[in-house]
């Protein structure tokens with residue numbers, strides 16, 4: 001067996017580990033699971049650390065398991081939260097589970113023989129257990145004192161903790177015990193905030209099944225500036241292209257700070273230690289070229305999305321930073337085009353105007369209600385100075401007839417000066 005724990009150590013992915021875990025893994029092919037919250041139809045980059053733990057676990061010859069918390073997701077884990085979550089319907093949870101499964105197939109091999117990955121949903125066993133039965137079989141094994149001592153409970157006591165949330169660690173512990181008995185699972189992994197819940201499981205296994213199980217956690221990532229990893233100014237960075245475009249996804253990684261990127265490339269790629277150290281040496285010679293950031297962004301964008309999406313993100317970046325040609329602009333799909341130019345003025349125009357063959361001067365002044373240029377005089381002056389382009393083609397004459405192929409048969413991109421863009425949409 002490859003040494004899974006050593007792999008996590010050099011990558012900076014190990015926080016806490018129960019004594020005996022490393023030795024057990026070296027001697028036994030083991031099944032380990034990580035729980036995923038199905039309260040959304042997509043995972044976020046905040047889930048990537050634990051996903052990568054499962055990836056390394058599988059590469060070490062072990063069996064990775066993803067548990068979708070269909071039952072516990074109806075309640076919500078109080079760990080790291082200051083308020084109670086909203087409950088979700090079973091139908092919504094099932095839809096979310098399917099979305100999560102599709103995303104995990106990009107990282108884990110579910111059909112590779114003896115150590116194929118597995119996916120389970122804890123609703124499948126909890127739905128058949130009655131409240132009295134659960135109290136009798138599981139509740140009697142953990143004392144209230146034991147449960148109250150957990151950090152996830154302590155931190156919420158001052159602001160209020162419902163009995164439902166208080167029971168969460170018992171439910172998660174029961175998951176571990178169920179999987180220990182039915183699926184031969186011996187290890188649960190998660191973020192460091194899950195240590196209390198995971199060890200509740202090992203304790204329940206000891207008491208209910210007279211068995212020994214193990215726990216391992218990874219650090220909760222923060223960025224060098226102290227902010228939480230996994231979010232941008234606009235909110236969550238999702239793995240689903242419909243929620244976060246591949247362009248924005250790529251840009252998030254490309255914008256990693258120099259103080260963060262060495263950690264990130266160890267955690268989020270499968271590059272070897274030697275390859276990473278060689279890249280770091282090369283990066284140090286010319287940090288402004290951002291070699292580490294580009295390598296990281298390429299690797300993770302291709303894995304989560306596709307090579308085509310990565311190429312599209314590159315073209316989109318070049319368009320914004322002035323290195324592109326018209327062909328690059330025409331190659332963008334609508335999702336990328338709108339993502340790249342999100343926030344710029346989007347001006348709706350009747351398509352019939354094009355049949356009248358207007359001049360560039362008219363289009364950029366009166367026909368766009370003076371939104372691009374307030375007057376024809378100002379438009380004429382900037383065009384004469386070479387400061388206006390349409391679809392990356394410089395306008396040489398204000399009397400030129402508008403006869404440019406529409407992007408995606410709908411749009412014209414107007415650039416005024418170096419930084420001012422306008423998107424015209426013809427309806």
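Just so you know, glycine gets a Cβ as well, placed from its N, Cα and C.
Swiss-Prot annotations:
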BINDING   33, 168, 172  L-tyrosine binding site
BINDING   231  ATP binding site
DOMAIN    361-427  domain 'S4 RNA-binding'
MOTIF     38-47  motif ''HIGH' region'
MOTIF     228-232  motif ''KMSKS' region'
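Long-range Cβ contacts of the motif ''HIGH' region' (38-47) within its own chain (Cβ-Cβ under 8 Å, at least 6 residues beyond either end) map to 68-70, 73, 76, 85, 88, 93, 95-97, 99-100, 103-104, 229-231, 236-240, 243, 252. According to DSSP, residue 33 (L-tyrosine binding site) sits within a strand segment. In the three-state DSSP reading, residue 168 (L-tyrosine binding site) counts as helix.
Taking the Cβ of residue 33 (L-tyrosine binding site) as reference, residues of its chain lying under 8 Å away and at least six apart in sequence are, in sequence order, 64, 65, 66, 67, 120, 179, 185, 187, 188, 189.
Ranking the binding-site residues 168, 172 by the number of CB atoms within 10 A of their own CB puts 172 at the top. Whole-number maximum of the Cα to Cα distances across the L-tyrosine-binding residues 33, 168, 172: 17 angstrom.
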